[in-house]
Amino acid sequence: MLNVNELVKTELHCHLDGSLSLGVIRQLAQMAKITIPAEDEALRKLVSVHGKVDSLMAYLKLFDFVRPLLQTATALELAAYDLVRQAASDKVIYIEVRFAPELSTDQDLTILEAVSAVLVGLNRGQEDFGVVAKLLVCGLKQTNTNQTKELFSAIADLAPKGLVGFDFAGNEADYPTEELRDIIQFTQSLGYPMTFHAGECGCVTNVIQALELGIRRIGHGTALTRNPEAIQAFVNSGATLEMCLTSNLQTGAADSIEYFPYRELVEAGANITINTDNRTVSNTTLNREYQLFVEYFGTSKADFYRFNQNAIQASFASEEEKKVLLELLDQQY
């Protein structure tokens, strides 16, 4: 029997605010002078999905609880550091953490201060836990595009500190890819690679339009299921998919395991990767996600090796870092 806990792993799709450990939530609540339940079970009910929710937007409502906890540089640094610690316990050797800094400016923090604080935490975690940790900054699809342009421009020179790319997340149902064309092209003009949330709310057109705009990493893409033409277009583009199984079952992005597009994509030769999305909100770990792939799909060690190769090759790390990571992966598998 394959022990997935022993496998080294990489992760491309993990949201900071959705992955605060209960211990850190307690620390942050104390710092913010916010009262929270004393019992872990009661706290877990406030921050994690149990079973299936009505929609993606219902799932995203859970993030409202942690938003007031992430309004200072100290809080953001601690959260980022702790996420690298969690990744290390999953035997992750490379992680790209993403977050939307505009959600951390409710008090006095600027965008630059918020992003810089997260980078400090990631870099400290990298040093202490031996996990290469990089940052993706998310714009929100529902945010005014001029505001997003200002946000991205304010942090565009942070590459030396570990900013490696941009993403768009948020309300996909009301903000299709085509409506975001201008802000996507502006973001691409900054010289950073992009990933993009698409196909999480049942609309495969959002995935195809993202590919047409030159985006080569797609978050979720669950709407590709049972659509051979779209899957072939995805494969032909050479793009990589950031799969988030537990999250997709919870939000209804996949109605059931039968509608999760794993087998179809593997058979078509697509580049796929395995991710948590939100460790705390989805009540999961990367080890748990791997175990589910074994149980549901019979995923083998050789498959996991290939998916991790995909992740490193599609990552926004430097070519030198990729070379080192691929060698490390090769030794471990």
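Counting starts with 1 at the first residue shown.
Just so it is clear, glycine is given a Cβ too, placed from its N, Cα and C backbone atoms.
Look at TrEMBL and you will find Glu200 tagged as active site, proton donor. Taking Cβ-Cβ distances under 8 Å and a sequence separation of 6 or more, the neighbours of Glu200 (active site, proton donor) in its chain are Leu56, Glu172, Gly219, His220, Gly221, Thr222, Ala223, Asn248, Thr251, Ala253.
Taken from TrEMBL, the feature Zn(2+) binding site covers His13, His15, His197, Asp277. Reduced to three states, the DSSP call for His197 (Zn(2+) binding site) is strand. Neighbour count (other Cβ atoms within 10 Å of the Cβ, all protein chains): 25 for His197 (Zn(2+) binding site).
His15 (Zn(2+) binding site) falls within a strand segment according to DSSP. Using a 10 Å Cβ-Cβ cutoff, His15 (Zn(2+) binding site) registers 28 neighbours. The feature substrate binding site is assigned by TrEMBL to His15, Asp17, Gly170.
Annotation comment: TrEMBL describes 9-331 as domain 'Adenosine deaminase'.
DSSP assigns His220 (site 'Important for catalytic activity') to a strand. Just so you know, the Cβ of His220 (site 'Important for catalytic activity') picks up 29 other Cβ atoms within 10 Å once every protein chain is counted. Annotation comment: TrEMBL describes His220 as site 'Important for catalytic activity'.
If you measure from the Cα atom of His15 (Zn(2+) binding site) to that of Gly170 (substrate binding site), you get 12 Å. In terms of Cα spacing, the binding-site residues His13, His197, Asp277 that come within 10 Å of Gly170 (substrate binding site) are His197. Here Asp277 (Zn(2+) binding site) comes close to His13, Cys14, His15, Gly18, Cys244, Thr246, Ser247: these same-chain residues lie at least six apart in sequence, with C-beta atoms under 8 angstroms from its C-beta. If you measure from the Cα atom of Asp17 (substrate binding site) to that of His197 (Zn(2+) binding site), you get 16 Å. Maximum C-alpha to C-alpha distance over the listed substrate-binding residues His15, Asp17, Gly170 is 13 Å. Local packing around the binding-site residues His13, Asp17, Gly170 was summarised as the count of other Cβ atoms within 10 Å of each Cβ; on this measure the leading residue is His13. Each residue in Cys14, Gly18, Arg98, Ala169, Gly219, His220, Glu242, Cys244, Ser247, Asn275, Asn278 lies on the same chain as His13, His15, His197, Asp277 and has a C-beta within 8 Å of the C-beta centroid of that Zn(2+) site, without being one of the site residues.
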